[in-house]
């Protein structure tokens, strides 16, 4: 007949264990109790290190009660432990009900003596005097009563009483997160003093501070050799006396040094105060240099902080210049230059935006905080997305419709399923930079809404796939073969222009007689986002054709994914355009190689299937 296993009837919590105490050592410590069922030391799941507490399980509840009486405040491996009933309910443990805080304890008071002092007020679940690593009392502790009434009685009877020659404080325990910082009007009696001359003794300080009221205690902190560490504390009986002493003596001359006197603060309170001061100072710095800080990107890897400072110093006084680097010290390709005035920063943006420094054109704009930039990007992308409402989100061929030909200009070319273009291998210059250039409105997206009765442009893929152009030349080539002025004179186009007055200015503006980047910038400012991309594409396509005529359509489509401001830089810099074209060619080669490998795997798979069948 099988014997049912005996289920533990009581579980005890054992705390304050040494780091090196093992399950076996804990079992041996409680082995005198016959109904001991099991022990377990809790450990960190990641490192396996002891958390310095554990649980002891008993079959007999009576043995568990006796274990608390015998083992609580006993030593295991040279350290005093706490033994109490295990409370599985975490909410009850953290509620603070019945928990009492005691401070200003004498060094001779340990956990056992503290429990003896408080046990007459009710059943104590846990009692602890906090000690340092070497076992010395820190002067405060905690008493956990079973009932809240017992805790309130203990506070009422013992707060302000004398224990072993010292007046103790007894109050309700308040969690750290719930402790409010004292206001400037709060009453206090304890003062902190620093910058105390080494020759000034405690007697001299007592004589000095006692002029303002009765002093309960005064101490100068000293090192191991008994020499003054230059700071100390003085405690007054009356809060008003403490305040008068602080106001009178702070900044006064004592010996060869100027004395600093202030209200004594807890470490947590001082950290919070310093954190707030730092935050306020940081906000003030941000407001001060908000319009004076310049963001610079597309920086050549060879440029140092000093090079950046020297180059931008032509525009004014620089307070700081820094290129951002990774953990290995390599340049991230962007940085910041802070000027003394906003006018100097504006001058730098106007002077050096697009300037080629060490083979690369710089992108220069007024720096924005992360929150401002995110809000601007949301607004920037919300406008074009609003025009897509109610329309199909599926784009033939899988490409973003960044280029829109006008109605009647190019017959719609059906785009077959093609390879999705993923610009992962391209440098960040391909993508939108996320910074709006406040000083080049020509490249901003137009805020003018489209005319409701204007015909909707036909969308088509930009020819990024190898099979989009079956049966004809590239879309850009077809588009450029037809003179714009002849299209404007056609009957169909005339009809469309009557329905959409905004088309005619665009056709004239996009004509081939326009010269100069300034004129182009002005035209872009008056155009919609779709028209901006088309105008830039018509300018870039002939230039790309000079380098790679066979791939001009694909490469132009890839370049149009860049920000308009960067496209203007490419138009002004033949060297930069040539470099971008070469990068695009490399990306196309990689895409073609990946596609070929996929087709090869698919062909092998089909061949294998046929052979098996």
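Glycine too: its Cβ is placed from the backbone N, Cα and C atoms.
Where the annotation comes from TrEMBL, it is an automatic prediction and has not been curated.
Checking TrEMBL for region 'Disordered' across the ranges 487-506, 507-526, 527-546 points to 487-506.
Residue ranges 410-444, 445-479 are listed, and TrEMBL annotates 445-479 among them as region 'Disordered'.
Looking just at the domain 'RRM' (98-175), the mean pLDDT is 88. According to DSSP, the domain 'RRM' (10-88) comprises 18 helix, 31 strand, 30 coil.
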